[in-house]
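Chemist: Quick paste from Swiss-Prot:
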- 1-71: region 'Disordered' (REGION)
- 37-46: compositional bias 'Low complexity' (COMPBIAS)
- 95-176: region 'Disordered' (REGION)
- 101-111: compositional bias 'Pro residues' (COMPBIAS)
- 143-152: compositional bias 'Pro residues' (COMPBIAS)
- S172: phosphoserine (MOD_RES)
- 173-208: domain 'QLQ' (DOMAIN)
- K190: N6-acetyllysine (MOD_RES)
- 212-334: region 'Disordered' (REGION)
- 262-275: compositional bias 'Low complexity' (COMPBIAS)
- 278-295: compositional bias 'Pro residues' (COMPBIAS)
- 305-315: compositional bias 'Pro residues' (COMPBIAS)
- S316: phosphoserine (MOD_RES)
- 551-592: region 'Disordered' (REGION)
- 555-564: compositional bias 'Basic residues' (COMPBIAS)
- S588: phosphoserine (MOD_RES)
- S591: phosphoserine (MOD_RES)
- K604: N6-acetyllysine (MOD_RES)
- 627-672: region 'Disordered' (REGION)
- 636-650: compositional bias 'Acidic residues' (COMPBIAS)
- S666: phosphoserine (MOD_RES)
- S670: phosphoserine (MOD_RES)
- 736-901: domain 'Helicase ATP-binding' (DOMAIN)
- D749, E750, M751, G752, L753, G754, K755, T756: ATP binding site (BINDING)
- K997: N6-acetyllysine (MOD_RES)
- K999: N6-acetyllysine (MOD_RES)
- 1344-1383: region 'Disordered' (REGION)
- S1377: phosphoserine (MOD_RES)
- 1378-1506: domain 'Bromo' (DOMAIN)
- 1506-1590: region 'Disordered' (REGION)
- 1510-1529: compositional bias 'Acidic residues' (COMPBIAS)
- S1512: phosphoserine (MOD_RES)
- S1516: phosphoserine (MOD_RES)
- S1528: phosphoserine (MOD_RES)
- 1542-1551: compositional bias 'Basic and acidic residues' (COMPBIAS)
- 1552-1563: compositional bias 'Basic residues' (COMPBIAS)
- S1568: phosphoserine (MOD_RES)
- 1570-1590: compositional bias 'Acidic residues' (COMPBIAS)
- S1572: phosphoserine (MOD_RES)
Amino acid sequence: MSTPTDPGAMPHPGPSPGPGPSPGPILGPSPGPGPSPGSVHSMMGPSPGPPSVSHPMPTMGSTDFPQEGMHQMHKPIDGIHDKGIVEDIHCGSMKGTGMRPPHPGMGPPQSPMDQHSQGYMSPHPSPLGAPEHVSSPMSGGGPTPPQMPPSQPGALIPGDPQAMSQPNRGPSPFSPVQLHQLRAQILAYKMLARGQPLPETLQLAVQGKRTLPGLQQQQQQQQQQQQQQQQQQQQQQQPQQQPPQPQTQQQQQPALVNYNRPSGPGPELSGPSTPQKLPVPAPGGRPSPAPPAAAQPPAAAVPGPSVPQPAPGQPSPVLQLQQKQSRISPIQKPQGLDPVEILQEREYRLQARIAHRIQELENLPGSLPPDLRTKATVELKALRLLNFQRQLRQEVVACMRRDTTLETALNSKAYKRSKRQTLREARMTEKLEKQQKIEQERKRRQKHQEYLNSILQHAKDFKEYHRSVAGKIQKLSKAVATWHANTEREQKKETERIEKERMRRLMAEDEEGYRKLIDQKKDRRLAYLLQQTDEYVANLTNLVWEHKQAQAAKEKKKRRRRKKKAEENAEGGESALGPDGEPIDESSQMSDLPVKVTHTETGKVLFGPEAPKASQLDAWLEMNPGYEVAPRSDSEESDSDYEEEDEEEESSRQETEEKILLDPNSEEVSEKDAKQIIETAKQDVDDEYSMQYSARGSQSYYTVAHAISERVEKQSALLINGTLKHYQLQGLEWMVSLYNNNLNGILADEMGLGKTIQTIALITYLMEHKRLNGPYLIIVPLSTLSNWTYEFDKWAPSVVKISYKGTPAMRRSLVPQLRSGKFNVLLTTYEYIIKDKHILAKIRWKYMIVDEGHRMKNHHCKLTQVLNTHYVAPRRILLTGTPLQNKLPELWALLNFLLPTIFKSCSTFEQWFNAPFAMTGERVDLNEEETILIIRRLHKVLRPFLLRRLKKEVESQLPEKVEYVIKCDMSALQKILYRHMQAKGILLTDGSEKDKKGKGGAKTLMNTIMQLRKICNHPYMFQHIEESFAEHLGYSNGVINGAELYRASGKFELLDRILPKLRATNHRVLLFCQMTSLMTIMEDYFAFRNFLYLRLDGTTKSEDRAALLKKFNEPGSQYFIFLLSTRAGGLGLNLQAADTVVIFDSDWNPHQDLQAQDRAHRIGQQNEVRVLRLCTVNSVEEKILAAAKYKLNVDQKVIQAGMFDQKSSSHERRAFLQAILEHEEENEEEDEVPDDETLNQMIARREEEFDLFMRMDMDRRREDARNPKRKPRLMEEDELPSWIIKDDAEVERLTCEEEEEKIFGRGSRQRRDVDYSDALTEKQWLRAIEDGNLEEMEEEVRLKKRKRRRNVDKDPAKEDVEKAKKRRGRPPAEKLSPNPPKLTKQMNAIIDTVINYKDRCNVEKVPSNSQLEIEGNSSGRQLSEVFIQLPSRKELPEYYELIRKPVDFKKIKERIRNHKYRSLGDLEKDVMLLCHNAQTFNLEGSQIYEDSIVLQSVFKSARQKIAKEEESEDESNEEEEEEDEEESESEAKSVKVKIKLNKKDDKGRDKGKGKKRPNRGKAKPVVSDFDSDEEQDEREQSEGSGTDDE
């Protein structure tokens, strides 16, 4: 049978104490509101005593303190214990008064102090020794008659703890007044504990000056009740003299003898007439189940505190009960239970429970969870400490002084004992008397001294008073000054608040509010900036408007010609034409598109799938009479727009805009209106300045740029296998708006947001809705060409595309398809755009799209110049994820490439943003607000032409990307090599290069920073180091494999710890390196660890790249690592299959690393991406990382700090590089290498992975410990060979030897004769460069020289092999591709004009255009005669000393012939340099000086004339090409046949000559050229054949 327990404890069998009678098991519900016996509290608190009655215990003596009141009175005492004020002087008197609510089966518990003061100590104290849990000897089991008068011994004064606990002692020492004061003090403590103020009446009651009103009423009620009790007792004294003794025995008997009986009420104590009372609620507010109803002896039938007191005039219910049961009522008060026996009973039960609990805890099962087992062990150890605690408590209590108790503290003399005086004490008394006299004398003197001191103090006080008066005056003046300072501070705060408000409005782009605040402040600089902004934006607005007007005029001309051609074709009954004027061919892409048709009578329009295909249009129109082809409406104006040419531009633009705003396919007008309203609202919201400008009555810059807007609600039907996201549709709508408004732009979405898909969507949308079928030219990096092809195949398979790449033969095979025009998109790379411009530039491209457009950030780069010079593409779009990498001119270069008519001058653009106050003469330094204002106006300028969205803004579903920089240690080999390279710029060797093998040597290397980076990555990147170590470690072939690969490098050792963990948890890795030689070492390491990997670097072919991507991305791919170079593999690749990116060494340009990271962190990634950037501690890599972080911080501001501070020079940049190489104090605290646990936290995505990684580390350490030949993870110094461990003096000696050998040679050893002079003359070398056989020609010349010598080497073959192996000398130059014939001809014409110009006596020096035309026939002095060829260096040495770059016309003509000039600008530079050299060397006013000025102007005039001719020629070419395009198919075929016949007849003729012959017939200004027509034809023939061979 288990005892009842509380919900938190475990049930256990009933107690069985050792010897002596055992109490029976406790049956039924818990006997009272307290905790049940089995709980922890039951062990500490009171134990149930003898059988309890069924109603609560009455208060003895008086009913003034019911049980609930006692419980509430105990709360402040708990607060006293909690607040730590137990040592207070009133605490002792309060502790005995406040009692816990009594257990129904026993008396109220008391503190040990109270027990001690009552003259007894518990023989078995509580195990925990808590004062509030010590049991009281007074039991609630046996009731006390309530009629006991207060005068009798044992009468109880309410609230007296001593009287309550000791009924047999005398009257209490407390008077009623003291008790009232004590209650008031308890109430005061209670209120103070709650933080409440004390009322005045309570304060007086605490001091004993007045009693509380409630207490006075209680006194009166108490007196009345005592009188009633005395009367009742006197009435019952006579008949009740004898029965008390059996009743007392009957009450004590259960407590002393019968332990086996249950603790419920006994039958001899119960009566049938006792009413059942509800149990008193527990302190927690939860009522305990009521015990069973039981009869009660008459003496115990006193009502509890819950029964209301009867009025004085009515008989008490107690009297009525006693009258009914008068036959068994005792005559006098029955004696109470013996408290000692009750205490013993409680202790027995506690010991039995403890013993049973210990036994139960010792026998716990082994399958318990760890946390429960820990709790059980703690409990078992606590129970075993019980006897020790008991002994300790007894010793402590025995040593307590009795005068600390409440009773003895009040009467301190009660316990004094008289003491006999002895002789020794008498002597001591005399001694003390003498000391007393001495002390009195000392006090007298002290008093006199104090008197003197008081006089002096008065003097001090007098002075202090007057000083304080002066201080008050000072304080007053200081307060006035403080008031003024506070006022000034408040004004300053107000100014700052206004500035913050201004900044807030500026950041929120509230321009109207910002301008108002500027006007209030009267800030001249900010007002000037705003004025500049308005002027510049107004200027740009005008430029945009003019650009759009010019484009619209060109479009009108084309439309007019097309319309005219269409009418002619309609009259001649020609075949149907496409929208661009060309005839529709069944094999062309247009034949698959639906053509919109309309019914002539009903006006019904068929479009989309219902409309007929272009190839079946004629047959469909015959089968469906009444239909005709509907006029096009989207991008072109209707026929009425062509006819009304004099109509105002504004109205036509509004009509066009309305035409696009209102959806032509919707049927209800209300829908149209609603859409128009929404579109207008959208424009207002989208444009950050439209509201302000409309308020001022002018039109917004953005609104002017995007005047024609078109709503794009869904993607094209040609775009299949996927749906565009919302932000991608917005990007498509923005690009369509650029198309509609004849503008170009930059799509600069962050990497990974699908710029490729948006571009394909634009192409398909234009093909479907605008009938613009191309051709589209897409220029991409080689690494992404395969990805673009894959995306086109996936998203737009119906688009005909050509991948223009491969060998020259492969590219040549694509030319017929290019000429036929049966394609939509041409994909090619930057290199082929430059190389094959003579083929690709002949096609008139409709759209040019450049991927990774930041490649064109240099305006003078070859790609930009070739595209601008040779290619015709009116519409252009740049795609880039990083539009602003470094400086402002790079951004201008992009904008100038897109919109040259708007962004003309770089200097104006840069000056406007860099030095806004340069013209005003003020300081140029900008504060934060001015900087932000400039950034805002840059945004304002870029807004119509640049669209950029970030991942965090548009793609919230994308998982997180977390980057960690992991510091790596160096091996001993790395540290030594790094130290010497950093200090001296030398690399230690084993001396084999000087035939001192094993003795050591040093090799000086250039580009120290690069060598330091290589040492940080891996020391075996230096081949001689690896070969020497391979010999030292016993490896053959000079190649090291196995564990020594990662022991030599700290980064490799870190990878050796990380990669196995990532493979075990199925995390796939992209590993980016900067150096391909490092990738080779990495491959050896992967082979050692059996990691399956793929490698992609700059040498990987384009077709192989697509296969590698496919292998890695396929679902069940077995490849764990993809090894990529940062530059080749970091652009445009989709590698979402990996979720871990390791950047082995950081790039100087942080955007390269960001591009690399985003190969994995892009749309489609499902897992969290971890980027681990490895960095060697205390090395150059930390400086590179810091520089990269600085650049990234700059990029976040859009404009970097260098744009506003133009003070940095090349000297400062050199100093910065030098600072990187200087020694710095090592800061080991900052550069802590992470331990395994930190590393695991970085790479683990979940808690389970972290635990697995920790176990793997433990297994690795155990395995290393078991290995008898174990070595440390990193190479240590004692493993290094002797030649590498050198002290600084020896390294200095080796360095000096190296320098001496460079200067003096190697001493006695005969040096090999090496001829360092050029074996070839300059002509031979140039010819060899052209032919591409430089090495063979050099080798031939050397062999000829060698044959001439008498002492021929015995083994020349060996030397040849050695030389061929080393390939010393000038590297083979790449053969230059020839310029277009047209450009070469123009250059020759200009130079010949300048050379042949002759001076006439009757003409001014500076020629006009008319003079240039007739100068061929003029006679006079030829000005260029002196400039044709310069004198030699021997003839005129001073010229070559003064002029650094000499040049003459002969050299210029040679360069034209060798295609050194790529544009007329390059030619102009050399001609201007020639004239400038002449002006520098010759005196001003001399003949040559004046001739050079004339030749400058002649050159410029000739170039202008050539440019005008080119423009007129282009216009005529455009007209002819359009006419050719609009001819019928049969005519086109016949033209092709004629061209082929002409080619056969004129084998060497240029293929475009037949076309251009009519142009030559036109009258145009003739530039004099002394070459005859035959010579020109021969030159054109040779150039044409050259291009054909290409």
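Backbone N, Cα and C define each Cβ position, glycine as well.
As the structure is a computational prediction, the values presented were derived from the model and not from experiment.
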Chemist: For the recorded ATP site formed by D749, E750, M751, G752, L753, G754, K755, T756, which further same-chain residues have Cβ atoms within 8 Å of the site's Cβ center?
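Modeler: Surrounding the site, in chain order, are G881, R1162, I1163.
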Chemist: Would you mind checking how many other C-beta atoms are within 10 angstroms of the C-beta on K755 (ATP binding site)?
Modeler: 23
Chemist: Cα of K190 (N6-acetyllysine) to Cα of M751 (ATP binding site): how many Å, rounded?
Modeler: 68
Chemist: Neighbour count, 10 Å Cβ-Cβ cut-off, for D749 (ATP binding site): what number do you get?
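Modeler: For D749 (ATP binding site), the 10 Å Cβ neighbour count is 21.
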Chemist: When you measure from the Cβ of K604 (N6-acetyllysine), which residues in the chain that are at least 6 apart have a Cβ under 8 Å away?
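Modeler: Listed in sequence order: T598.
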Chemist: Might you list, by sequence position, any residue in that chain lying six or more from G752 (ATP binding site) with a Cβ less than 8 Å away from its Cβ?
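Modeler: Counting only residues 6 or more apart in sequence, the Cβ neighbours of G752 (ATP binding site) under 8 Å are G881, K951, L958, D1158, H1161, R1162, I1163.
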Chemist: For a quick check of packing: other C-beta atoms within 10 Å of the C-beta of S1377 (phosphoserine), how many?
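Modeler: Result for S1377 (phosphoserine): 15 other Cβ atoms within 10 Å.
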Chemist: Taking every residue in the domain 'QLQ' (173-208), what is their average pLDDT?
Modeler: 87
Chemist: If you run through the compositional bias 'Basic residues' (555-564) with DSSP, how many residues end up as helix, strand and coil?
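Modeler: Computed counts for the compositional bias 'Basic residues' (555-564) are 10 helix, 0 strand, 0 coil.
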Chemist: Between S1377 (phosphoserine) and S1512 (phosphoserine), what C-alpha distance do you get in Å?
Modeler: 28
Chemist: Would you mind splitting the domain 'QLQ' (173-208) into helix, strand and coil residue counts from DSSP?
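Modeler: In the domain 'QLQ' (173-208), the DSSP-based counts are 25 helix, 0 strand, 11 coil.
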Chemist: Do me a favour and check the Cα-Cα span between E750 (ATP binding site) and S1512 (phosphoserine); whole Å is fine.
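Modeler: With the alpha carbons as reference points, the distance is 43 Å.
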Chemist: Under 8 Å between C-beta atoms and at least six apart in sequence, can you list the same-chain neighbours of G754 (ATP binding site), or say none if there are none?
Modeler: K725, Q728, I1163
Chemist: Just name the winner among K190, L753 (the recorded positions) by count of other CB atoms within 10 A of its CB.
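Modeler: The residue with the densest Cβ neighbourhood is L753.
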Chemist: Pop the Cα-Cα gap between S1512 (phosphoserine) and L753 (ATP binding site) into the table, whole Å please.
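Modeler: Cα-Cα, rounded: 44 Å.
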Chemist: If one measures from the C-alpha of M751 (ATP binding site) to the C-alpha of S1512 (phosphoserine), what distance in angstrom results, rounded to a whole number?
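Modeler: Pair distance, Cα basis, whole Å: 44 Å.
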Chemist: How do the residues of the domain 'Bromo' (1378-1506) split into helix, strand and coil according to DSSP?
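Modeler: Its residues divide into 81 helix, 4 strand, 44 coil.
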